[in-house]
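A.B. asks: The structure that follows is given in the form of structure tokens.
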Amino acid sequence: MDRRKCILLVAGLLLLEISSPVEACICLPSVLQNSYCNSGVAVLKGKFLEPSQKPGESPTDVVKGYKVHILEVLRGDDALKSVTFIDSMKGTSCEYHHSPKGFNVDYLIIADNNNGDLTVSSCSYIEIWSGLSPKRILGVKGAYSEGCECKVVPCSSQPCSSEPRTCTLEQYEGGDGENQRKNQVCVPSKGPRCIWKTIE
């Protein structure tokens, strides 16, 4: 390798070394029952009203997010009904961006709850309420709590692993994934097993 190429290579490596790394937001596949059952979350029916901000911990700090109106607390402390602001993790790689057309529309919102301070991110489970199937509405209104000892594991191709205390969400062609997602809850059975059951 000639001297010029060697200098260019060293310069390129130095540039890579001093450049700041880009932080990526990595979300796991979102399954409504798993999101509902996670500890430290609030499950809410509410409306995003408009972008907003509130004072942060220091006098110069500002937390950006959304003004909200909570219609119903489905899981969590009833005092959360008085919450009027949700942090959107603005300025991070996981920042939540609400659709401008989605204000004043009812949503299912599953937010991280830190002593009454709510946070959503691009990984949060947020869905237009009218898009939920009737059985999923029953699920978030309490039926999913029956299955919080179990975990739903998505599987996109067979064979699927069968771990204790799990139900396989059959997302492969010919699988029952759509029905499982819209109409069923994964609940404990005999021993260390969990099984799918239709929400009633």
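Cβ atoms here come from the backbone N, Cα and C positions, even for glycine.
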A.B. asks: I want to verify the bond table. Which candidate from CYS25, CYS27, CYS160, CYS167 sits on the other end of the disulfide that TrEMBL records for CYS94?
C.D. replies: CYS25
A.B. asks: Name the residue from CYS27, CYS37 that TrEMBL records as disulfide-bonded to CYS123.
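C.D. replies: Out of the candidates CYS27, CYS37, the one TrEMBL links to CYS123 is CYS27.
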A.B. asks: Of the cysteines CYS148, CYS155, CYS186, which is paired with CYS167 in the disulfide recorded by TrEMBL?
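C.D. replies: In TrEMBL, CYS167 forms its recorded disulfide with CYS186.
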A.B. asks: With the disulphide bonds as TrEMBL has them, who is the partner of CYS148, out of CYS37, CYS194?
C.D. replies: CYS37
A.B. asks: Using the record from TrEMBL, pick out the residue from CYS6, CYS150 that is joined to CYS194 by a disulfide.
C.D. replies: CYS150
A.B. asks: If you measure from the CA of CYS148 (disulfide bond) out to 10 Å, which recorded positions from the list CYS25, CYS27, CYS94, CYS123, CYS155, CYS167 are inside that radius?
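C.D. replies: Among CYS25, CYS27, CYS94, CYS123, CYS155, CYS167, not one has a Cα sitting within 10 Å of that of CYS148 (disulfide bond).
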A.B. asks: Using a Cβ-Cβ cut-off under 8 angstroms and a sequence gap of six or more, which residues of the chain neighbour CYS194 (disulfide bond)?
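C.D. replies: Result: GLY147, GLU149, CYS150, LYS151, ARG165, THR166, CYS167, CYS186, VAL187, PRO188.
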A.B. asks: Using a 10 Å cut-off between Cα atoms, which of these disulfide-bonded residues sit near CYS27 (disulfide bond): CYS37, CYS155, CYS160?
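C.D. replies: Near CYS27 (disulfide bond) by Cα: none of them.
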A.B. asks: With the cut-off set at 10 Å between Cβ atoms, which of these disulfide-bonded residues ends up with the most neighbours? Options: CYS94, CYS148, CYS150, CYS155, CYS186.
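C.D. replies: That would be CYS186, with the most Cβ atoms nearby.
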